[in-house]
Amino acid sequence: MAAMKLVAALALATILSVHARDPELTTDFSVPPGVNASTITGEYFTFTGLRDFAAPPGMFGSKKVTQIEFPALTGLGVGVTLLEYKPMTLNPPHTHPRGTELLYVLAGTLDVGLVDSANKLYAATLRKGDLFVFPQGLVHFQINKSSKKPVRALSAFGSSNAGTISLPRNLFGSGIDDAVLLSAFKITAEELKVLEAPFMPVM
């Protein structure tokens, strides 16, 4: 009986873990609806949208490549984002609910950190050629502390659409009732207005 319970528990765990990932393909690759697979060429597997990417002056910028921008990724469980951090810029605390991120520094020096479910911070300073992994769903950030040099990095994801939840925007720009935020963060109404201001709609 104990063995049967163990088998049932393992089967349930397997089913739940499968649902947490991209759907498994039963073909070599995903063919868009209404497209004859025999007409697909190498262009379908090519994405050129990163060629001229650059962040706006004085800002952090990113160009994501998910199954939305690059349909050939559908069902393959991978995606990428090209990131550029101008001097003294930040990719604020955020999470990726559907995929682990593996960041590779292409140029410059980048400070990164993640916080686990026990509220422990893991931080590092990365240089060109270094990798850092952000486990799926954990809060993390990156910052370029240089006042002169930009940083470029490439992030690979274990999902064709990992998603991004930006904590500042989702907390202070989503319309959560002020009473909730005031109580949660133990701040004044004036301080809350300052935090919400960057996310208010422009009139």
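For all residues, glycine too, the Cβ spot is worked out from N, Cα and C.
All TrEMBL annotations are machine predictions without curation.
Worth saying up front: this structure is predicted, and the values here are computed from it rather than measured.
Taken from TrEMBL, the feature oxalate binding site covers N91, H96, E101. Counting only same-chain residues six or more apart in sequence, the Cβ atoms lying under 8 angstroms from the Cβ of E101 (oxalate binding site) belong to V133, F134, H140, S155, A156, F157, A162.
Summarising the annotation, TrEMBL assigns Mn(2+) binding site to H94, H96, E101, H140. A C-beta separation below 8 Å, combined with a sequence spacing of at least six in one chain, links H96 (oxalate binding site) to F134, Q136, G137, F157, S159, A162, G163, T164, I165.
Look at TrEMBL and you will find 57-193 tagged as domain 'Cupin type-1'. Model confidence over the domain 'Cupin type-1' (57-193) stands at 96, taken as the mean pLDDT rounded to a whole number.
As annotated by TrEMBL, signal peptide applies to 1-20.
Around the Cβ of H94 (Mn(2+) binding site), the number of neighbouring Cβ atoms within 10 Å comes to 19.
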